[in-house]
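Student: Before I ask anything, here is the structure I am working with.
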């Protein structure tokens, strides 16, 4: 029997060959083309006898066989069979009578084919769960176990064959075209009754909260009655069985699995993942749901598909109506966003006082859900509304239209301003935040200047990316803009460590609180709860666990770490407005679950669940007046798109 070391070496060699073949390595192609030239002199006379035109180049030969290659893409078993039997693309291209001429090449091909088959068998032995790593993003779990690794290879080769047919096609352009419908879907962000009821109507929010609370209480009551009736009807034997089932500690299994992955014990990790999946469910309790999405993340880390899966989940979030439905549920059961927006809007109103012009620069505006309520408030201001300017800043979207979302956000806000007769001007800028050019903000000296930044700083690079990291550079840019107030909201988290195992533990603790919060306040079968957990919360956990380097963008820090950064950048912290704090606590006590916490610490208004701080918000201003001159050595207008 072959040793594990030999199996691993052989598998690595085989997989390396497959990778070079599928990725169209230029050296490999050159070698194949040289062999093709050696056959050309012998093959051409036979083509002449048959009255057929001989292909002028191996590229042309490959292009002419798209239909045959497409057949291979549709059936993984036939693909494997064809390789193992020694028949490949060359057998399709060369008449049967000419195989004797190509014996040397066929011999080498047969050898490599046998290596491929052997490598697949050894890989399946080493990692039993590797066959399930193709994730179905339209479902809440993974694809069926019959989707073997060979299927994944054929699916990947489908794209490779297209590249063979069109050797000069830009891959980014192809991806952009495939995402075109996603980009254009953002343009449907135009206000209607649903937008009004969610973004403006406090009464509707309170009705939603009361209805969800009653439904959840009814669900819990029915669940308790069912448990009691089962125990009464089935006796002690079933009771012991239930206790054993409930005794499964999914958190401990997840940590053990992460430890096994960290030390490259793939077989043990695969066994643990099977056990976790047996007890995980997208419609179970909070721990079962969290276990499902963390299991997805761990398997994606094993397969190296974390970045691609995260990108697909982000593409699902482009429809504004879907985001609005999720937002409606979230603010009905959780005070985090609502309290933070109230803190920000009230701070803006206090700083503005009775002045007539205000300019809000919103870093990370996304869909702009915060601003319709402020526009409504300005319309009701004594003495008439001020002239409102909003500059929305966000990173470009992937796909065919990088500015689609920020454009539709501007149209939405303009409609609300027109509805309330508030003088309004909007400017959208798509750029990496650290590349913002201050001159492009078009700041006027006679307007009240406010910077708003809510919950998006966690996506900025930290010191693991650069010593002078984007977080510090962005804060320095904000200081140079010289606002009268900087309103900073952050996700409070410890899972930004560059080391996988401690980061996974913190991800587990942080997201356990979020899933427990939703499990306590929302029906298990609620459709939007599943959407929030899968597309929003689960996506963040996936990125933090399955991605590394620049692909890992979920890097939250604590509010005390952000306090140090802000002070270092030249800001001073403003005290918490006690009236804002008191009203926020009163609203929480009146409409939300008792386990939510709102408090004050170190100049931050903090929010959490069962004692764990999850969000924090505070206000700042520059320590001294700063001119709005741009330092050309530090701030460039590169990679910036203006509307």
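Even glycines carry a Cβ here, placed using N, Cα and C.
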Student: Taking 358-362, 363-367, 368-372, 373-377 as the choices, which stretch does TrEMBL tie to motif 'VHIID'?
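Tutor: Matching range for motif 'VHIID': 358-362.
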Student: With TrEMBL as the source, which of 408-440, 441-473, 474-506 is set down as region 'Leucine repeat II (LRII)'?
Tutor: 408-440
Student: Pop the mean pLDDT for the region 'Leucine repeat II (LRII)' (408-440) in here, whole number is fine.
Tutor: 95
